[in-house]
Amino acid sequence: MTILVIGINHKTASVAIREKVAFSAEKRVEALAQIQQQALAESAVILSTCNRTEVYFHHKAIPPQEAESWTARCMQWFAEIHQLSLDALAGCLYSQQNQQAVLHLMRVACGLDSLVLGEPQILGQVKDAYQLSKMYYQGQNQPLSSEFSRLFQKTFSVAKRVRTETNIGGNAVSVAYGACSLARQIFDSLKTLNVLLVGAGETIELTCRHLLRHGVQRIMIANRTFERAQHLVTKLDGAENVQVLALTQLQEGLNQADIVISSTGSPTILITQDMVKIAQKARCDLPMLLVDIAVPRDIEESVGELDSIYHYTVDDLQTIIQRNLVEREKASAQAWVIIQQECADFFEWLKVHQFSNLIRSYRENAEDIRQILLEKALLALRQGEDSEAVLQALSYKLTNKLLHSPTQVMNAMVKTGNSTGLALFSSTLKSDVE
């Protein structure tokens, strides 16, 4: 069995190149059909995210001497389906085969090859890619091979083990996630809290998604452009818990908020100490977390001097993130050990699986020979031939037929000097080979 991965990622290609080789769901189906039609592989899985595009090929019958030319054909196809030349992808496109390809897949699924080390979303994306291919091949009445299916199932279990046994995903390494982690440290639960988000950019969107996943009771989004905030809400799951405010309603939002996270491009302060004092009075001095991730600042620095106020800036978050990155690097080293162990385990299984198929085929072939010769012998007996002569002929033909292939193998071993193989044959015959 030969496994090949070809692709590009954020380490090898710019956004401009990555955009050109992205696969939509429809284009993935078209690509899988082309791979079949051109006999490039028996099965394939296509992973396409904002940071990587990779195609995993599986072929049972690529001889080692043809592996290089097969890889070249797959790379040429990859360029052509995106209407690019290979020269346009020079230095961007990479390939790995067999053990290195499996190690690469496991690293990707565990988040070790991600832009944000250890990010969990990639595992779901690999699962989605696998499911799409599985459904495609089922629709063609050609299910994914047991070997390829086993590889992806093994990869998913490896990722789960890495998440369980290491702290690869336990420390915030993005500003949005860091802000949410701070909130979870300060408050026992987010489910009864009101959150005010100021701004409607990418960081606020990511923060909002994190908060919704953790079951925040209510989110208010205040933005200078009301329509942009409304558009953001339409992209969210759980939007029924999200309310849009005009920036003129900022004080109203502060008065209700347990958590305030601000990230705008405003050149001036938006939230002053006096505004927070008013909010404290309205909230009966309940604890309040304010996280300012804007540059320049959105929240007046002196806010942190007030009682019951937890105030953090983007610099505070960066310090936390850098510390957490060090922890994730340690965890990634532990994860790599697990991946190498599990990769070796997969190839052990593959070896046994392939030889069990060989043994089964050999025994089925022997049974076919037995049935053919037996039918001929029974026919001869029914036609009145001497039974002893028929049995002698049956045993002679059966012996010759069954020993023909093993004899050829032993002759080949003698010619190549394969003493180990000859010794194994010898042990089964309980005789010495000189």
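These residue numbers are counts, starting from 1, taken along the chain as shown.
From the backbone N, Cα and C atoms, a Cβ is placed for every residue, glycine too.
Owing to the predicted nature of the structure, the values given are computational and were not obtained by experimental measurement.
Annotation source Swiss-Prot lists active site, nucleophile at C50. All protein chains shown were included, and the count of other CB atoms within 10 Å of the CB of C50 (active site, nucleophile) stands at 12.
Annotation comment: Swiss-Prot describes T49, C50, N51, R52, S114, E119, P120, Q121, Q125 as substrate binding site. Secondary structure from DSSP puts T49 (substrate binding site) in coil. A C-beta separation below 8 Å, combined with a sequence spacing of at least six in one chain, links T49 (substrate binding site) to I122, Q125.
According to Swiss-Prot, the NADP(+) binding site annotation covers G199, A200, G201, E202, T203, I204. All chains included, 21 other C-beta atoms sit within 10 angstroms of the C-beta of T203 (NADP(+) binding site).
Annotation comment: Swiss-Prot describes H104 as site 'Important for activity', evidence class sequence analysis. Around the Cβ of H104 (site 'Important for activity'), the same chain contributes V5, Q96, D113, each under 8 angstroms and 6 or more positions distant in sequence.
With a 10 A radius on its CB, S114 (substrate binding site) counts 19 other CB atoms from all the protein chains. Cβ contacts within 10 Å of P120 (substrate binding site), excluding its own Cβ and spanning all protein chains shown: 14.
Closest to E202 (NADP(+) binding site) in space, going by CA atoms and restricting to the binding-site residues N51, S114, P120, is N51. Using Cα positions, the member of the recorded positions C50, N51, S114, P120 nearest to A200 (NADP(+) binding site) is identified as C50.
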